[in-house]
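Quick look at what TrEMBL annotates:
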- 35-186: domain 'Neurotransmitter-gated ion-channel ligand-binding' (DOMAIN)
- 262-284: transmembrane segment (TRANSMEM)
- 290-311: transmembrane segment (TRANSMEM)
- 323-341: transmembrane segment (TRANSMEM)
Amino acid sequence: MDVSTGLQLLNLISLNINLTPSAAEYEKRFEADDKIRRDIFRKYDGSMPFRKDSPLQILPVLTIDHIRSLDQNKGTMTVAMSFLFTWMDDRLAWNSSNYSGVQTITGHKFDFYLHDLWLPTLHLADMPGSAKQQDLFKNHDVDIVIHKSGTVRASIKALITTPCYFGFGDYPNDYQNCTFTLMSPYFADAFQFSDWGGFAYSKYLLEDRISDVQDFMLINVDSHRYFMYLGMDVVENIGTLPPGYCRGFYRYVLTLKRMNKLVFSQLTAPMIVIIVLMTIAGFLPNRYGLPVLLATLGIELMFTISMTDVLPDNFNGMPNIGILAILLVIETMVLTAWKVFSIYTRNNRRLRVVKEEDQIYQIVIWTDRVLMVALIVEGMINIHIAKAN
């Protein structure tokens, strides 16, 4: 920026220009706003906007404002969210030059009740704990913006409890999905959801911010529309089907990832200790390895009890780390029985050994040696699996 430009800006600042509209400008705006409402609603009958060439398209955009709570036992999540629905109503268009340049009129939905403004009926389907479907536009917090082109935007804030289909087979690296569906009672020849709507991240819920919902973080939101033909068949596109027998749906899927920072200390660290003790027991002589195995078995039992406090209640499916813990308990018991048999065989070997007894003794010797190598390999594999979980 050169000196002359800087001086011009300084002069503008020194003028102390008042950018707040004056009382006269407010009055002019109010009169123009009132005249627009009287003119565009004079012959308005409150019916659904009709389009000759195509059905009315409504664009849904969802914003997640805050995840309030998540109940893993009931399989529900309560979310504060905002919807923005946009559609065209040609009957509400005006020429701004005839109305002091006013391009938009705004208000709460109750401000337009006297004018019988048409608003769509959109239900939230599959809501838990609700005997009937919820109409979003029955919500009290609905703000309306009408543009001079006839574009209508309705902003709705709502606190919604969505169903979640929890499965904990991959705990603690599990991903959970919570879903809800928008549906309309209109047939597709008159009304459809736009196929390029979707989701917009809120400025208060960034991708790298852990949501205030237990151990979970919202990582993705998918959305897509589909149609129900004759109330039975689900189709992605109508195609050649008669639209008068189809209804539109719009489905959102919220994907959550568990972000438990204490999982390593609560589950993985004890598991690695158990694996290391089992490997050490395979290297020690039998009379020393047996006490280590018995101590390992005691640690495993205590670890199993502690896991019941760490793992979610009423989970569906055995977590991988739980399966690994059960296998290690079984393996420890088998190794303990083998150690007892090996000690008995070694201690009862007579000086004059018959051929059959010598074969059994050699088998015991070689089995102990193979176990030493096998436990090393298995221990490395199990540690990798434990860390991965």
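The backbone N, Cα and C atoms fix where each Cβ goes, glycine too.
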Which bits of the chain, at least 6 residues beyond where the transmembrane segment (262-284) starts or stops, bring a Cβ under 8 A of a Cβ in it?
172, 290, 292-293, 295-296, 299-300, 303, 306-307, 310, 321, 324-325, 328, 331-332, 335, 339, 371-372, 374-376, 378-379, 382-383, 386-387, 389
At a C-beta cut-off of under 8 Å, are there same-chain residues at least 6 beyond the transmembrane segment (323-341) that contact it? List them, or none.
271, 274-275, 278, 281-282, 286, 289-290, 293-294, 296-297, 300-301, 303-304, 307, 364, 367, 371, 382, 385-386, 389
Along the domain 'Neurotransmitter-gated ion-channel ligand-binding' (35-186), what average pLDDT does this model show?
84
